């Protein structure tokens, strides 16, 4: 098990390296730069800036500088948030994004799995139809529609919940953004669960369990659900990585000081280092969660034990 | 025994219907059956006869679109229409089942020990820990070696035969009155089939339960069952004691089934017949567990130094169980996969031939596959399928001429030529196999390798296909290599037999000699399993 | 299990039904899928043909009608006309004495202390509401003018946006862009994915290994963000947007096609074709491609809504097509910003957007059921 984890972590290094390399050169080959403002800066200022940020060096030098700094955890200064470097910015924003994302993940997984299971057990009933319709809405209506609508109803019309911001960090502030963030994923989980549950209920070993007179609760929970959870668990990795690293849309709509906005802001302002920092952050989350999910998968399915 | 009329399961007017998008299908049409205490009743029929669905209906295991009606009384208790809770008291306790597919019938996520314990715990109460002793006993009983270690194995760590033993252990756990065995040996190799059947028989003697054996295999029935019910298209066409049915069948269908047991033999070709295909030191290797950077990898020898000579007009039967390398050998001889050794076709040395140099020879060396469902491209019409080889070997042929040849080929294999504009999915298994044969025959080959061509077919259809293959051989002077695990078919088809095991030939000789005086113990087991049970 | 499928008796005259024909039959029997098809057709018709029947163009600004709500009544109504006329008169520094509207024509009488310059009619024409204003009578030495002209009445069934543009036409245009991006980007991803996946699967071995490893690495790149970077740094033209989206959406397609190809390669009919002596290319053309079409079609119906969502997401972040062009995503974003003052700006584009995605969803499910009936 430990050697499996170590091997996987070792193989993550080249992946990260390639991700960094592709992102770095992709950005730099594009026209424009961080200080090409509408009103051009005086040449001397420009020169100073370029020197401070090593932008006057040849590209390969910049790349090497970036790499060697990144290895030590220094992701460089942000070009637009002058007072902070990228690591600080992410360190400040990440807890907000992760807390919100964590609640959204719980809601999505628990809600989706329960809804999907019910739909599968009552296949083609009204309940199934209702769950599937709602999940179709969840999948098709993007959260930049859901967000404003939620605000309109619960914050403006009913005044039950705050419209945005983090406030004192109490749960009231989290409810609306959590729902907007979780809804599409909840829908995906519901559909996945329903599909794999229906498939699981048609397998031969479920027929065996029924033929041996096991109570339907045992048939469903111990035999069908455990097998049906496998594809759900696989989806957990990309979903968790996406939710925990923040959503640009939801954080913008609900004015939450997380890291989700940084990427878009960074990209629009050509804040190279900020963009690179968020890219690395997301890649690390994806890799770590893929590993966690693989371990979990091994615990659930004896056929893929990692020895 | 039947005379005592000690019926413990009485089925009366049982029907099973399936509602499909194309209307209702009546799978079982009001049948009557009795199972007597302690007897073995065989329910025999071909695919689609409703033999399995009858039992599924009684046990409440039909697919969602199926409905069952009529009556099935177990010791006076009506099972049809029983609420699931009450039915669960009977299922797995008084009546148990084992299924055809030992690979999928066990839950892959739990140890076999736990799965055997489940019916014990649920029907008798207690904890899984308390049930462990009983599970160990049961594993011992069904002949699983080292039960104490195996109890924590997962199904995928066991062989097919072992899994079926685990299923039997599960079925015996609560000492049932009736054990329903739904094609329990169909998915297993012949030698293992015999062991499983023997196990069932000895356990029946010991526990005295009745066994309902659902099967398509009359060979098993003859030696295993006391009574037989023959089913066809959802009806019981004949019922009676086994000896009577086999000696004096009344229904035409039963007679036909019995006659469909392959019979006849093939005379060897004259001694001066030229050798048409020869392979020497044929070896096929697969690398297993190859790393991305080509690290050291284990080599698996599927075929290991086989010599084979096929004379004009000869039929060589290759027999062996799954994994013996017989199919791989067939493909190697046709140069369809990378292999070592030297090969001759007629007088040409084809050892060094690659795909493009082999191409002109392909029309003379043809192949017919086992699965008539998988070997025909579902998107092409029958006409397109059988004329496919002509595109390669006679590209200049006009449309009309191709059509004429397609008609001739279809007639030759006994199919209606008007069906050449239809698609494969509209044909039955036997008809599809005829299409596959037509595809090979249209090229007028000299050698045809037949890879289990009858294994996926019902007995009655098998006989017809064998008849057709024999006819074609006589008419065109063909040479066959006939690959099969079914010894009765091989006996009827070939004049020379090769027995393979683990990629090697362990015995070979004239058919009569092999079947009458086998030398190797393995061959004896195979023959014993196939003809005596 | 015993198969309960009855093989229909073969009657010699009829031609067989191919699997595609059977699938089409099944599809036509699926009501939800057919309804989805009809809805999609209607929305496409609305988006692409609709603008020809609208008197307004998508970039036409009506300064007098900024952010007005949806209504089936013509704008302006008579009472507002009175107000508008008064304000116009005030701007022209004349007093409005009398104002009447009859049908499409109006008459007004204006007066002033000083003789009125007849060119003052220009003030009236300058307002959106009035046109062809002309002086029909001059009284009181030119201090009182009788004016006649046409009332220009506009219909804004969906209302107007905060720039005074007709939302109906904007929604039509947004539909054109969103649908076009959806289709074109899907085609791009289809092209790359099919070629890549089929090559990888058919060639197999080490080539397959390397090609799939590359795909895995691309998977760990943050997707949406890659699109954002590409769009920000390379510009926001329509062509780039669909190229970029297509270029990141092909990974799933490649995996699906590869899987299909690998599975087909093992099928016996491919083995049979090899035994007949067909070349690789003949096998790919006659056996592989026709059998991958089903799953690929189904997958395209999944990609199209995904792409539309991605495009709208870009637009929401302000990275979509540039104004005055628009897409549903951009319109929804505008609407979200004005949700309190002008909810119709969100409601109408959102309805079209959601209905389209719903319909695509049903069509996709229907196609899957039709092409792969064993799922039922």
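Numbers here mean position along the shown chain, with the first residue as 1.
In case you wondered, yes, glycine gets a Cβ from its N, Cα and C as well.
All annotation found in TrEMBL is predicted automatically rather than curated by experts.
As stated in TrEMBL, the feature transmembrane segment covers range A:100-121 out of the listed A:100-121, A:210-231. In TrEMBL, the annotation transmembrane segment applies to A:274-300, one of the ranges A:58-84, A:274-300.
Sequence-distant contacts of the transmembrane segment (A:274-300) (same chain, at least 6 residues past either end, Cβ-Cβ under 8 Å): 1, 4-5, 8-9, 12, 15-16, 19-20, 23-24, 27, 66, 70, 75-76, 78-81, 86-87, 89-90, 94, 226, 229-230, 233-234, 236-238, 240-241, 244-245, 259, 262-263, 265-267, 306.
With a threshold of 8 Å between CB atoms, the same-chain residues lying at least 6 positions outside the transmembrane segment (A:12-30) that come near it are 59, 62-63, 66-67, 70, 270, 272, 275-276, 279-280, 283-284, 287, 291. Count of Cβ pairs under 8 Å against the transmembrane segment (A:141-161): among A:100-121, A:173-192, A:232-254, the largest is for A:173-192.
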